[in-house]
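Among the features that TrEMBL reports, transmembrane segment is placed at 37-57, 150-170, 182-201, 207-228, 240-261, 267-286, 353-374, 386-406, 413-431, 443-466, 478-498, 504-525. The feature region 'Disordered' is assigned by TrEMBL to 532-551.
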Amino acid sequence: MAATDSDYKRRMSTALPPGVDIVQHINGNFGRWQLRIILLIFLCKIPTAWFMAVIIYTAPNPQRGELICRPATWNGSAPASEHGENRNTDRLFSVQVCNAYAQSLSESFVQRYGHSWNATHASLPCERVEHNSDYKSLITQFDLICSRRVLVAVTQSFHALGTLMGGLLTYQLLRHFSPRRLMLLGMLGQIFCGNLTGLVDTYQLHVYFRCLTSVCCTLMYSAGHIILMDITAGKARILVVTLSELFWSIGLVLLPAISIYFDDWSYLYVAISSSLIVLVWLHRWISDAPRWLLRHQQIEPALRLLLESATHNNRMVPLTLDVQLTIYASELNAQKRQRYCQIWDKETKRRQLVYIHVIWGCAQVLYNIILLMIRSLSESQVHVNTAALGFAEMIGVFVGLYFILYTRRYWRWAGNLMIIAGLCTYLVWLLPEPVPPVYENVLWMFFAALPKAAVSCGQALLIACMSESLPAEKRGPFAFSVITWARVWLLSASFLTVLKQINIALSLSTFYVLVILGGICTCCLRTPQGKQPEERHQQREKEADRFSTHL
């Protein structure tokens, strides 16, 4: 009994140091309680990455011999079945998927029907293209070839549209629903809409439910990010926010291992969507954001949450905790929301804000374009290529974290890395024509993975440090502005992949102009001087923790 009383007295404190945030004082920067929640929220990013990159496996480019071109009926009196001549065609040959070239047809065929169509023409349009593939993909299901090829990009654009809508919806719903409830809503929505995305039998419904699934994904990981920001502080917050990007990469690495077990795109969608049932079961161990609860005058739930945190982390609790939480809740409720125009006032370095908007736009577009390019680089090595890009992202995240923790001018380091990576890609024009088959995939992957790692490095810095030069009350609106801007640009990213149909080197060179532009803007950002990186962040967070952390 004596031991229990002494332990109780040790963990209870009557005085709170002046100027200390009560929530941070009880939670601490990091502990066992935070670790459990962080790991569970990190796991939520894996299925989100699967939904984003699943187009690589649900709509792979046709391989050699998978398409059969049936020539059109240019002689109106003869049905197509009487022609008796057709050729396997795809883009790996010197013929187009959607045309039967005159020189590829037999001489007797040309002599028989040449008078009906002008034999001097280079090609004959196909009446239809038959699919001869063991894997049932979106392309074979909805005939997304020829003039309908652009519809593959449309599906990915609707995923980007769902991301944009999900961010806007999260901003509104957080006024009424706690982040924890919003996470659960997103999980359940992904299970329902994700399964329907794979089970519908029309292209229009597939695109519609893909957009809704993306909305639910955004609700889930946006709400989770808010919880992460609310329960951590100091150097631990930098580590957690930066390392959260690793789980996007882990999702990419695991996706090929999942896809090899399915020979139908519908089954792959169902498998990915059903995996979230595990996360719904684990959701019970995810706690809410304490400051959100206090801001909305839910003092009793916040009190129970903080006592649980103190128990697990072995932290001292003030005897007047309920009174202090009531006062703190009143302060949070009295704070006025910053309007969008206020982040651009004269007190803010507007040029820095413009640079960050440009960098975010470039990073988001490149992040998705490089993934979509995997579909075209080498169809036979798509599993290896996807995993390689995932590992390249991991390297970029760790490099970015190193810059943040151990360098003073980390913006300049990251910017120079992006510029060098972008310039290196122009060496692609020095490759011989044609590239030896033995080295082709390795070389193309090198020129794709190098900028991918550089972009991931820059993105890691943006997520952790982009608001450090702003006052605490402006950080939420600014983050919302930047992310929304980037998602608007993301809508058109998938359509840029059509450059691949002209030339791989041309498409890579065009995309990496954005890498160089992002690197130049990153070099223009200024780092506050005079303190070590972790000290600067701790000082800023002492101010920021006095404000609500949700968008």
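Placement of Cβ uses the backbone N, Cα and C atoms for every residue, glycine included.
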| said: Suppose I define contact as three or more CB-CB distances under 8 A, residues 6 or more apart in sequence; do the transmembrane segment (150-170) and the transmembrane segment (267-286) meet it? | reply: no
| query | For the transmembrane segment (353-374), which recorded stretch in the set 37-57, 182-201, 240-261, 504-525 gives the largest number of Cβ pairs separated by under 8 Å? | reply | 504-525
| Folded-back contacts onto the transmembrane segment (182-201), same chain, C-beta under 8 angstroms, at least six residues removed | 41, 44, 47, 51, 170, 173-174, 209-210, 212-213, 215-224, 227, 265-270, 272-274, 276-277, 279-280, 283, 286
| field | Result, the transmembrane segment (443-466) in contact with the transmembrane segment (386-406) (3+ CB pairs under 8 Å) | value | yes
| remark: Same-chain residues at least 6 beyond the ends of the transmembrane segment (443-466) with a Cβ under 8 Å from one of its Cβ atoms are 238, 241-242, 244-245, 249, 356, 359-360, 362-363, 366-367, 370, 373-374, 377-378, 385, 388-389, 392-397, 399-401, 403-404, 410-411, 414-415, 417-418, 420-422, 424-425, 427-428, 431, 435, 478-479, 482, 504, 508, 511-512, 515, 518-519, 522, 537
| message | Does the transmembrane segment (504-525) come close to the transmembrane segment (413-431), meaning at least 3 CB pairs under 8 Å for residues 6 or more apart? | response | yes
| Other parts of the chain folded back onto the transmembrane segment (37-57), taken as Cβ under 8 Å at six or more residues beyond its ends | 138, 152, 155-156, 159, 183, 187, 190, 194, 213-214, 217, 220-221, 224-225, 227-228, 231-232, 240, 243-244, 246-252, 254-256, 258-259, 265, 268-269, 272-273, 275-276, 279, 282-283, 285-287, 368, 371-372, 374-375, 382, 386
